[in-house]
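**Q** As annotated in TrEMBL:
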type     : residues : note
TRANSMEM : 86-109   : transmembrane segment
TRANSMEM : 121-140  : transmembrane segment
TRANSMEM : 198-220  : transmembrane segment
TRANSMEM : 327-354  : transmembrane segment
TRANSMEM : 366-387  : transmembrane segment
TRANSMEM : 421-439  : transmembrane segment
TRANSMEM : 451-474  : transmembrane segment
Amino acid sequence: SFLGAGKPPLYGDYEAQRHWQEVTYNLPIRQWYFNTSDNNLLYWGLDYPPLTAYHSFLCACIAKLINPDWIALHTSRGYESQPHKLFMRTTVFVADLLIYIPAVILYCFSLKETSTKKKASIALCILLYPGLILIDHGHFHLGFALWGVLYLSYDWDLLGSVAFCLALNYKQMELYHSLPFFCYLLGKCFKKGLKGKGLVLLTKIAGTVVVSFAVCWLPFCTDMEQIMQVLRRLFPIDRGLFEACMFSSPPPRLANIWCSLSVLIKIKNIIAPQTQLKLSFAVTFLSLLPTCIKLTVQPSLRGFKFALVSCALSFFLFSFQVHEKSILLVSVPVCLIINEIPFMATWFLLVSTFSMLPLLLKDGLLLAYAVTTLAFLSACLASFAILEKTSAEDLQLKPFSLSLKGYVSWFKSFPKIVRSLFLLSVTLMGVLSLLSAAVHPPQRLPDLFPVSVSVISCLHFLLFLVYFNVVILWDSKNSRSQKKIS
């Protein structure tokens with residue numbers, strides 16, 4: 001993203017990526033995360049795990065060969081040129097070609113009971129998802145996480161563990177996916193029996209995780225102060241509940257529950273920072289607890305993929321210091337189940353892109369937003385005929401509807417109601433997108449459109465959270481997977 005380019009003193013995200021290359025190439029490892037005369041942490045200091053720093057160093061080595069001025073210590077600050085922008089985009093594209101795109105294609109072609117044509121259609125829809133194209137296209141940690149899911153689908157548990165450890169050591173936000181990985185693997189161990197094969201598998205997985213983290217963190221393990229400084233940079237909890245919102249000045253414009261509530265209740269003014277942290281942790285933990293218990297007790301690959309969605313959505317809605325772009329951590333797992341629930345997955349992915357509209361407009365991406373969204377929707381309509389798949393069975397709600405007993409008759413009109421809600425939702429998003437781009441808000445309400453986008457998106461996400469939890473908790477399709485694990 002070139003948001004902020006040419007605008008001192010920070011120059012934006014583009015400069016952040018360039019500056020990390022400057023720091024990692026010119027300074028010894030022990031100084032990468034410390035504030036020094038050569039590394040002002042207030043100027044885009046490193047705040048991601050070691051694997052991100054190593055990646056920056058590798059890119060810097062290549063940049064040095066092309067043009068040393070790009071990463072010269074101090075003098076390169078704010079450096080911008082067309083050749084350098086091309087270089088930066090190329091590093092992203094190459095990494096995607098090596099990590100993210102192969103994971104998507106191999107995952108789609110690993111799906112069983114699906115024709116080759118259908119697999120290709122699924123891959124196309126996933127790769128056309130606007131969120132990852134528009135926002136920094138190159139979230140390599142998501143590629144590593146996808147490799148983890150792919151390996152686990154083949155029961156290659158150790159490789160899956162390594163892949164997810166790499167994801168977690170690239171971006172700490174992968175904690176959004178950590179509990180489903182943990183609960184699924186732990187559940188498999190329980191099913192195999194903790195006095196036999198299960199204990200052996202648990203030991204192997206634990207050893208794999210420890211070794212993977214040790215390799216990534218080895219250069220920072222020279223002393224405890226190094227480790228603690230890196231952790232402080234990764235988890236700056238003292239900054240408060242809203243610090244990570246790019247539009248953190250009131251009213252916030254992030255589509256999670258805290259920013260949406262703050263439109264009516266000034267949370268920052270009535271709740272102390274430490275209490276905010278505790279409240280956020282408690283609500284997040286309680287919201288994902290049912291899913292994690294179900295996955296541990298009844299581990300299945302299908303349940304695991306749905307749990308990735310539900311848990312990531314809980315983190316996005318309720319956790320501490322969420323960024324607008326964090327919705328991508330929910331969207332990618334949703335892409336993985338687009339063949340199972342095409343209607344709801346398409347709807348969610350449209351809303352997730354819409355929720356980032358203020359960020360996209362600020363980056364001058366209105367046209368790209370419109371084109372990619374229409375292309376994605378067209379691909380989903382052509383590939384899945386989503387408007388014809390709105391029955392309770394298509395939406396995986398048949399077990400839930402049967403459990404309602406006396407209320408089953410209400411589900412006869414369910415498909416029509418769901419289609420109407422979808423069309424209303426899409427119309428509302430389209431109208432708000434046009435108003436945000438073309439109409440000046442009232443002087444008394446300068447943030448009317450961004451706030452409307454965030455609140456409407458948040459309401460959608462809350463309904464999706466309920467939906468995914470219902471599907472998971474009433475799931476009755478685990479028997480085949482459970483027998484396979486046993």
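Here the Cβ of each residue, glycine as well, is placed from N, Cα and C on the backbone.
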**Q** Does the structure show the transmembrane segment (366-387) and the transmembrane segment (121-140) touching, where I'm treating 3 or more Cβ pairs under 8 angstroms (sequence separation 6 or more) as a contact?
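**A** Between the transmembrane segment (121-140) and the transmembrane segment (366-387), which are separate recorded stretches, there is contact, as judged by 3 or more close Cβ pairs.
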**Q** If you count Cβ pairs under 8 Å, which stretch among 86-109, 121-140, 198-220, 451-474 touches the transmembrane segment (327-354) the most?
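**A** Selected stretch: 121-140, with the most Cβ pairs under 8 Å.
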**Q** Under 8 angstroms, Cβ to Cβ: which one of 121-140, 198-220, 451-474 has the largest number of such pairs with the transmembrane segment (86-109)?
**A** 121-140
